[in-house]
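Please read the structure below before turning to the comments.
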Amino acid sequence: MPKYRSATTTHGRNMAGARALWRATGVKDEDFGKPIIAVVNSFTQFVPGHVHLKDLGQLVAREIEAAGGIAKEFNTIAVDDGIAMGHGGMLYSLPSRELIADSVEYMVNAHCADAMVCISNCDKITPGMLMASMRLNIPVIFVSGGPMEAGKTKLSDQIIKLDLVDAMIQGADPKVSDEQSEQIERSACPTCGSCSGMFTANSMNCLTEALGLSQPGNGSLLATHADRKQLFISAGQRIVELTKRYYEQDDESALPRNIATKAAFENAMALDIAMGGSTNTVLHLLAAAQEGEVDFDMTDIDRMSRMVPHLCKVAPSTQKYHMEDVHRAGGVVGILGELNRAGLLHNQSKTVLGLTWEEQLAQYDIMLTDSEEVKRFYRAGPAGIRTTQAFSQDCRWDTLDDDRAQGCIRTKENAFSQDGGLAVLKGNIALDGCIVKTAGVDESILKFTGPAVVFESQEDAVEGILGGKVKAGDVVVIRYEGPKGGPGMQEMLYPTTYLKSMGLGKACALLTDGRFSGGTSGLSIGHASPEAANGGAIGLVKQGDLIAIDIPNRTISLQVSDQEMAERRAEQDALGWKPVSRQREVSFALKAYASMATSADKGAVRDKSKLEG
């Protein structure tokens, strides 16, 4: 029978000092012996996805204590990628994932906590907490802050839905008037919550459901909706049940590594491909798998990308559907239900509810259940009122979207495409692979060949695109922006956005060893591995070289002979693998990150071999 970790600090005369300090935090005599459960919050006033979380940690804490635990809350940092984007701040985004994972480990291990509730939401916070959960392997439940309502505005006598990316595109389009640009800016992000499309934050919150580590609705139920309060209440109650199952009943099925198994990671990846999730999720799933010693890598992702169809199309791949529409169609459970009916789900994997996915689908899939309570839950909708308050409205759709032929979520037979929403491409320019969000690629450019226009940084690329150096038919190459080369693997949302604003969104390709925002669409290929700074062939591309992209056949190649490539490599070895004449201030903290960073095909995690021996 495992011993409560917290007993180290709460039992024995030699722990009198620790107990004295616990008492000073409010622990009473009768509490010693109860499980100590960390409430890992991420409240900050910098991020709309986290601005409403301040009181939610204590909401969870009260439920933990009512159920027989001791709740202790702490906070992690949280970077807003949208605000950090387009300047030096973006260098810090991906490295913050490692800091979050480490800070959770530090706090939980330093104080011998027995279990965790992770209150996450935005881009690097959920992955960082997920990495920590797999690393620590103590009972955990995730509950996110929830998605933002979609923005709405009236243009040309039509009400259209909006999100952050619309504001960015319109702001950079010289043909759009200042008045219209400001109108869209003011309407794009109306409430608290993670940005309203299937961007990185919402993708990751959906994936925690598929991994089995969060409750139904976690990925899709709006931040503003009153129903979301119950997810926080239930998380506080369930974590005590999970904790006692493990420590008092020796039930190891309550541990995250026994919930988020390889089968669960494959379920999460199947969901990601089916819903056309952010390419960043590939990085984060690979990183979390390594933390949990799960045998899941790019080979698995490539295999699955060839099997799973695109069943759910959401912004930025369409303007028609946002996260509120996904929820109305049954949320993550609805998509997993269709994957199950297509034979593409490991339905015996378990979840934090203690159910197999087969059992959970029977209860929560709107296409199967008879429960009016469940159907009412999935009719939770937007109010259209600007607010930063959680649980502030109780609006509902009149009907569910159960149209699996032409609705937001579709059957395999009626899929948006039989080819999934993400693909792994390989070739001489990316021997270890690169990633493209096929859900956002127009069918006319699934095969594309063009001359390279090479930039050594995102800043130069932005200047070049806006300055007219890129024309229709070109392949924009942005290199030395990987985890080590950036450092920090910046998101390339501004270059892709400006290509659209210049009318080149369907006429150009972009290849980078950096990454993309979940808001990116178009023929945008990222994570080229190895990255240029690690000797990757993307560092050998010269201006005008032809690059051939073939998504259906999963290939990408530099049309240069092997002999020429070898000569260029020898030349680059002598010069050193670094950008030419790039002016960029890199802090000591970022240099420390770069010194241990691996390429994207490894999840951009730290190179553990550098700590051995």
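We number each residue from 1, going along the chain as drawn.
Just so it is clear, glycine is given a Cβ too, placed from its N, Cα and C backbone atoms.
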Swiss-Prot annotation, Mg(2+) site containing D123, K124, E491 - matching residue among D80, D81, D163, D166: D81
Of C122, C195 (the binding-site residues), the residue whose Cβ has the fewest other Cβ atoms within 10 Å: C122
Set of same-chain residues at least 6 away whose C-beta sits under 8 angstroms from K124 (Mg(2+) binding site): A78, V79, D81, S93, L94, S96, R97, I100
Candidate nearest E491 (Mg(2+) binding site) in space, where candidates are the recorded positions C122, C195, S517 and distance is Cα-Cα: S517
S517 (active site, proton acceptor) as reference: those binding-site residues from C122, D123, C195 with C-alpha within 10 Å of it: D123
Mapped DSSP class for S517 (active site, proton acceptor), helix or strand or coil: coil
Cβ contacts of D123 (Mg(2+) binding site) (under 8 Å, same chain, 6 or more positions away): V79, D81, S93, F199, T200, A201, M204, N280, G518
